[in-house]
Amino acid sequence: MEKIENISVSESAPLGAELPITVAEDFDIGNNSVQSYEIVSRDDRGIFDLKVSRPTSEITKVKLVVSKRLDREINDSFHLVIEASDGGSPPKFGRKSLNVKVLDSNDHIPKFSKEVYVGEVRENSRAGTFVLNVTATDEDIGTNAEILFSLQVRPQYQDLFTLDARTGELRTNAVLDYELFKDYQLEVTAKDNGPDSIPSTTVVKVKVLDENDNKPEITVTALPDAYDKQGKIPEDTSLNAGVALITVRDKDSGDNGRVTVTLQHHKQDFGLQEMFAGQYILEIRQPLSLDRHAQYKIKIVAEDHGLPLSQKNSHVLVVKLADSNRHAPTFAQKVYSVDVSDDVTPGAVVARMTATDEDDGRNSELIYSLESMRIGARNGSDDDLRKWFGIDPKTGYVGVHSKLWCAFTPSFLLNIDVRDKGRVPFHGKTALKIAIQCSRHVYNFSVAENKPVGVEVGRVPLTSIAPDKPLRIRLVSNTDDFTMDEKSGILTATKRLDREVNDSYSLTAVISDGSVNMTIILNVKVEDINDNAPVFIGFEGSYNMTLSNAVLLEKLY
């Protein structure tokens, strides 16, 4: 009966590993004892060899030597027949069956069924939603084939997913937001429970499916060039001028993020010009007018194309209008100066004030006026404003209204205002210094001779400088022919004047305001009238003379 021996060897046994097997027994001695061993039947394809050694004459060792690499996953057992023979003649043989069991070693790593797993989950799904299963196999056996899964995630993904270590089931651990992350890339590791386990990894991609859970976002940015310093738009702003930049963004994707922008209210006055995707310029489409609207409340509506329900949002932009009159008139100088002789005739122009305005139309049409006045060291009254000077409201010409006296009115300071014709006018200011220069104060009058007594010869205008200082005039020349009214300044003849007696007079008068005296000269020319008949001079009585004919003919021809 054939004996059977069972041995085992690890598949990780190195080449040359020796497995002791039981030696054969032979009760003979000498050459009749066991002399050799041989594998006579095998299914190992030469993986094993026999090694026989005799450390002493009495001891024999038989070992099965591993000659080729073992792989339990290919062959987990082998059957060999070992034959022992003695040295007798004829020799005798004995056989035994050797069953070699290959023991598993943890020489295989787990293998995932896919290199990359892809799963989908809809955003806003509750925590615990199933995503997918990862699976892996291990060609080892026992604990070497027991696989545990683990999840490696980036810090920003922490706590968003859970993975069952045994089943490989991946689930969400929080509500996912498409707008925060559209997809996630995770790493799953598989490791068996055997000793010296080597892990393997795979990639799991989780796509988040968008839902229309976001309203469009509207951002309105005013275009600074369109507004004045008060944040208003001038009513004369040109057509198609941009007022504001409108940016629209929807965090959703696809139709959920495709947005249409419209205007509500004042659509006839304003319109949208798309510049780029999601960017619009709000433009003026119709002339603006403060007479129609002082301000516009423009409602901007953004609506996406999500189904079954769209999302919309709105923003109200308030546009306030400013008068188109944006600039105040200005003078080139704050103070102007001019010298004027005191013999200037009332009504004469002494200066021209010119202001400029950068506006157009009626907003650049200017009106000049005298605002206040100083006469010397005192402030002028309203009467003074009307009495001394005037300014043409259209041209800015400054004219003299009254007689000037360098002694009594040495200087004037005119405060001049200019305003435009805007709905709300702007003003500009300047001052005009007028220095009165003294002239030779000579008045020339004429009067016809033989006029009746009391006839007015001439007048010296006396314009009071101040109510409490009226001007008075008096003649200082020693004459009985004339008199002068001290208040009116009228010079009258006190008798009939005869040119043939005296054809001219030179008179001296003094004008005074009670503090200051001023001397003037009055020249009076007496005009001739036909008040005398012709008179022959040098003949008295009759005179006779005889002339010859020849003399008469010579004189005649």
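Note that Cβ sites are derived from N, Cα and C of the backbone, with glycine treated the same way.
Copied over from TrEMBL, here are the features:
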DOMAIN    1-112  domain 'Cadherin'
DOMAIN    113-218  domain 'Cadherin'
DOMAIN    225-331  domain 'Cadherin'
DOMAIN    332-454  domain 'Cadherin'
DOMAIN    439-536  domain 'Cadherin'
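If you take every residue in the domain 'Cadherin' (332-454) and average the pLDDT, you get 92. With DSSP classes pooled into helix, strand and coil, the tally for the domain 'Cadherin' (113-218) is 7 helix, 48 strand, 51 coil.
DSSP places the residues of the domain 'Cadherin' (439-536) in helix, strand and coil in these numbers: 0 helix, 44 strand, 54 coil. Across the domain 'Cadherin' (225-331), DSSP assigns 6 helix, 52 strand, 49 coil.
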